[in-house]
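As written in TrEMBL, here are the features:
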DOMAIN    39-485  domain 'Major facilitator superfamily (MFS) profile'
TRANSMEM  200-222  transmembrane segment
TRANSMEM  228-251  transmembrane segment
TRANSMEM  292-312  transmembrane segment
TRANSMEM  332-357  transmembrane segment
TRANSMEM  369-388  transmembrane segment
TRANSMEM  394-418  transmembrane segment
TRANSMEM  430-451  transmembrane segment
TRANSMEM  457-480  transmembrane segment
Amino acid sequence: MSTRPDVKATVGDISSDGNLNVAQEECSRKGFCSVRHGLALILQLCNFSIYTQQMNLSIAIPAMVNNTAPPSQPNASTERPSTDSQGYWNETLKEFKAMAPAYDWSPEIQGIILSSLNYGSFLAPIPSGYVAGIFGAKYVVGAGLFISSFLTLFIPLAANAGVALLIVLRIVQGIAQVMVLTGQYSIWVKWAPPLERSQLTTIAGSGSMLGSFIVLLAGGLLCQTIGWPYVFYIFGGIGCACCLLWFPLIYDDPVNHPFISAGEKRYIVCSLAQQDCSPGWSLPIRAMIKSLPLWAILVSYFCEYWLFYTIMAYTPTYISSVLQANLRDSGILSALPFVVGCICIILGGLLADFLLSRKILRLITIRKLFTAIGVLFPSVILVSLPWVRSSHSMTMTFLVLSSAISSFCESGALVNFLDIAPRYTGFLKGLLQVFAHIAGAISPTAAGFFISQDSEFGWRNVFLLSAAVNISGLVFYLIFGRADVQDWAKEQTFTHL
């Protein structure tokens, strides 16, 4: 990582206004062909891989528990009618599926398994974010991506060995995934100009929705054709392949990137020249604890991820049980909200930066407005779901609208920590991930409890609780949220705890 003097020296080579404007014009002509947008697309691919690995169990678990017939032995005979290729293919698929075991897991056990990804995750974000902020995100993110992808390949073996081993593997996998989701934000401290911060982070973050869409779309088909274990084999293999792209193409600092143009490098460095983003070894912990704007973001993270993890874990189950859809159709229907959300995340980021660059709205107004839209409307929609369950089309419309509108939060409270303390981005993202994963550990377990107690009213209680938690976080954020750099995050002399 480049040091602060290096950056200042680079800035010193450029005259304050004139050359910066020239650099801005050059970069505006490049648009999405710039290296920084290419970096956002690579991070999108990494988030795609991580979220396919997070979601694959959600789509596979109905196939893992619903088939109560004992698995039969595959036919050892190799004789097939030479003229019936379709029949041969169908028999082959049956043999694949026969080798996929089924388990007697209650709804409570399923909720624990789905939540286990988050049980150990709250231990890793702060160290991951801190290390990534000090030493750079390249190897932190790359290592986490490889570990998570490698362990995904072994989930079928762990499930066959027992629930305890599966839970342990998921806990370790969750820690590795935190390294990716937390460490990547340290890259934007050096790469994202303030007027492009929302669009770059949302392009990268949209990989989460894209990954969920693909695994839900293909997962049900894979479970019905060749068996649920191949959901883990395929997406684990894709993640391992992504590592080959990550390590040679990613650099922590544009100053050191071998392929970036001189104009784009000057533009990024100059746009960040007035922002103190150099990380420090010590942290103003006491000041952070007393900071209400930071607490507003923390509470908002917990509440918004409560709803997110509930929807991510139980959308396939809701569609298959309430709409009585088979595995293939359940996967396709479950994927629709996520693909719409992927598109809306990017559009929301572009809209936020447009409003900011044209000075139509202040930054804090944009953050609070987008958060309010992304919380209120989805909460109302989800609470209304039990009353439209008799209509398949209306249910899917509500799920899609909820996902689309909630994506506005990605340009609101969920990116606000980059505004208030850019020099502590890695650490703060780790802290925020702790709150998010605590919500992820509790919410699916609570949902599983409600559903197991009352199959008819359980879903209504799940949506009511999620909406109440979400709106409570919004109220706290609207009161205490800020978008200016906090005093404790500025370069000055203070007492660290």
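The backbone N, Cα and C atoms fix where each Cβ goes, and this holds for glycine too.
Since this is a predicted model, take the numbers as computed values, not measurements.
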Note to self: Using a cut-off of under 8 Å between C-beta atoms, tell me which stretch among 228-251, 292-312, 332-357 contacts the transmembrane segment (430-451) the most.
What the structure shows: 292-312
Note to self: Checking distant contacts: for the transmembrane segment (200-222), what same-chain residues at least six beyond its ends satisfy Cβ-Cβ under 8 A?
What the structure shows: 36-37, 39-41, 43-52, 54-56, 59-60, 184-185, 188, 191-192, 228, 230-231, 234-235, 312, 315-316, 326-332, 334-336, 338-339, 341-343, 345-346, 348-350, 403, 407, 410-411, 415, 418
Next item on the list: Kindly state the mean pLDDT of the domain 'Major facilitator superfamily (MFS) profile' (39-485) in the predicted structure.
Entry: 82
